[in-house]
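Chemist: Okay, here's the structure, questions in a sec.
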Amino acid sequence: MSRSNDERWRSHFPMRERQGVSPSLLDRREAIAELGDALRDLVEQAAATEAPADQLRQVTANVRRATRPLTTHQRERARLPSADDLLDGVRMYNPVTGAGSALAPPLRIDLVDGVAIGTCTLGLAFEGPPTYAHGGVSALLLDQLLGYVVSATGRAGMTIRLDTRYHAPIPLRTPLQLTGRVTAVNGRKSTAHGVITTVAQPGELLVEATGAFVAPRPDQSRRLFGAALHRSAADPVGE
């Protein structure tokens with residue numbers, strides 16, 4: 001049986017059939033995803049453009065004008081985004097999987113028989129060595145994937161160690177596949193292992209990582225996350 005994190009934020013998945021989620025919240029998540037798509041396109045086009053300086057300044061002015069309406073409704077650091085549901089795993093602005101994040105590739109993750117399978121394509125905005133992805137991005141992707149598969153066991157934890165080994169550089173604008181699984185559980189600590197390959201050559205290992213995750217105690221969760229742990233902590237603007 002498989003479960004995709006896409007269904008958490010796209011209206012063309014069976015999201016509207018989920019109980020306890022209002023139509024207005026679903027619509028707002030869809031709007032956030034649409035804005036995220038546009039922002040990711042802007043970032044990628046900006047990283048790839050060779051436009052002259054006058055055109056760049058014109059685009060800059062347009063972007064600044066488009067940003068102003070967003071400044072009227074801002075959340076504080078301690079508040080969970082109103083479109084999120086931490087207990088249900090909905091994180092619209094996650095920098096790896098978030099549909100609303102301009103930073104995310106985004107990584108799509110399916111859980112199949114206890115194995116996390118992720119797919120994404122890294123654009124020019126993620127370039128480190130010429131034509132290849134920055135090594136830190138590989139670690140970011142694997143940290144997210146391994147955390148996801150650990151959470152799927154019901155033992156959601158925080159990363160305490162991530163050992164990453166680089167076998168070959170990751171090519172940009174090339175479909176990638178990530179695979180991760182839990183390898184050990186010892187009390188509150190879980191260990192998971194994951195790899196990155198291209199979709200075209202799944203047998204050719206590019207990067208692998210082993211991560212250790214520890215589930216915080218209830219008192220630690222309250223101290224670290226406070227009101228964000230409660231569904232009522234996020235009150236959508238206008239609702």
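Note: Cβ is positioned from N, Cα and C throughout, glycine not excepted.
Keep in mind that TrEMBL annotations are predicted by a computer and have not been checked by a curator.
Among the features that TrEMBL reports, compositional bias 'Basic and acidic residues' is placed at 1-19. Per TrEMBL, the feature domain 'Thioesterase' maps to 132-193. The feature region 'Disordered' is assigned by TrEMBL to 1-22.
Are these features on the surface or tucked inside, and what touches them?
Modeler: Model confidence over the domain 'Thioesterase' (132-193) is summarised by a mean pLDDT of 97.
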Chemist: Could you break down the residues of the domain 'Thioesterase' (132-193) into DSSP helix, strand and coil, giving a count for each?
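Modeler: Each residue of the domain 'Thioesterase' (132-193) counted once, the result is 17 helix, 29 strand, 16 coil.
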